[in-house]
């Protein structure tokens, strides 16, 4: 004790950690509730308006207080994150639920659009980009070139044609104004085609002038002629200027998602080439490049030199990768049913095909269903594109009478026989699964109905013979999966039966579009039951309302709890329905197709992580 007193008397300061130093550093703890109350009082005083008094003299302002240390008796209070967040929330403008959902949709679309451009790898690596479309030798007649813009717009409105793009060529109401060779005009008249349809009125001048194009029109509107005739003219011009040599070509390429559609397009091309050759024009050699056919027969045509190739992605990629054919001179590319081709299933194959192009090309994309997301992605491959739209993308053909029936799953096969009595043959029956196709065909054959079947599990000869006999009216019923739903043109079909409702509404639109073609009226009957999701039924309900069709009671009683929000979002964004798949009954955040693609992408990433083979490559 004496030593400690002596040290204190000598003025020695206490060491750190002693009780005396702890007392000097001590800071009184203020409870959270008290700090919040003090902060609320401070904010109340700060926002309280000053009271005016005519008699009272304003008090002098208090001397400035140092903010570094609080005054004696006061406790330093720091602004908490909760208070800051509350203040920011008060100051932020009020956002409605519809605006919040719209912002979420924009973020999702921006994220989905963040994909590599649909361009050759060589062009991306070298930074090559084209600012102007290619030029062709075709020019419209003088009277069309001098047509006032107001007159052209009035014609488009009368045909319900919507165009988007710069320097859009004027529409042409006659095939004669397009300067097509007389043999082609005779072939058109021989098929009973006297006047162009709305998509042909505007689409043909755009394609003939060399512009990149996205063509959207309902099923059965004549989209095939819009890309076939300009391709024939381009190949004819190339052959006249510089004849093709063995092993060279093609000049033009058409890619289709199915063998049946590719074969049908090839037949249309041959229909126009035959009269041209008879009239003395140079020979134009087309090639059908599809799977299931001996590659040696295809190679014989390639060795002679080929002008036009109609192909499916798989066989085309195979020929290009094996260097059996090249696209060095290809200047014309068409993607038929483009929404399917640039979708997740075929996107990798299409990218590989694009990598084989060596120069600029004219690119045309066509489909009846082209959602906004697909349009935005497809534009990455186009140069100053022109969008020609006849009706809403994904709208049903108004010449089709749509009937929806609630049928229990076990009663569908019996009710199918009753539905076959509605109209005379031919009738097309669609199923989701291959097993159902075989089962229905066998059942109909046992009942004495002449039926044939098509699905992906059958070889090419079986599919070819079945389709040929059905098209020639030798068979009454064709049972098929969705391989027969897109693009196939059988004008005499009067009735389409959906044995089960497809999960994606765009497949439904393509299915029912096999009837009601070329201005004729058709009937589409669809079976629904408890297996369909609410989203699918809402899409179907809105499509029936848009087409002014009768609603069955089960769909009429189906309520959408978010209908008001969807209407508000559609008014603000200008996009009706889902921007991903085109369905009218849901928005993109509830899109089943988008959720399915996310799960597929996640599964791919997981398989890449675990590996596919090799040392410790499989777990």
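Glycine residues also receive a Cβ, built from the backbone N, Cα and C atoms like all the rest.
Among the ranges 332-335, 336-339, 340-343, the one that Swiss-Prot lists as motif 'DEAD box' is 336-339. Looking at 115-143, 144-172, 173-201, the range tied to motif 'Q motif' in Swiss-Prot is 173-201. Reduced to three states, the DSSP call for residue 220 (ATP binding site) is coil. The Cβ centroid of 217, 218, 219, 220, 221, 222, 223, 224 marks the ATP site; residues of that chain outside this set whose Cβ lies within 8 Å of it are 197, 199, 368, 517, given in sequence order. Take the binding-site residues 220, 222: by the count of other Cβ atoms within 10 Å of each Cβ, the lowest one is 222. Within the group of binding-site residues (221, 224), the Cβ with the highest number of other Cβ atoms inside 10 Å belongs to 221. For the motif 'Q motif' (173-201), the model's average pLDDT works out to 92. With DSSP states grouped into helix (H, G, I), strand (E, B) and coil, the motif 'Q motif' (173-201) comes out at 17 helix, 0 strand, 12 coil. In the shown protein chains, 27 other C-beta atoms lie within 10 A of the C-beta of residue 219 (ATP binding site).
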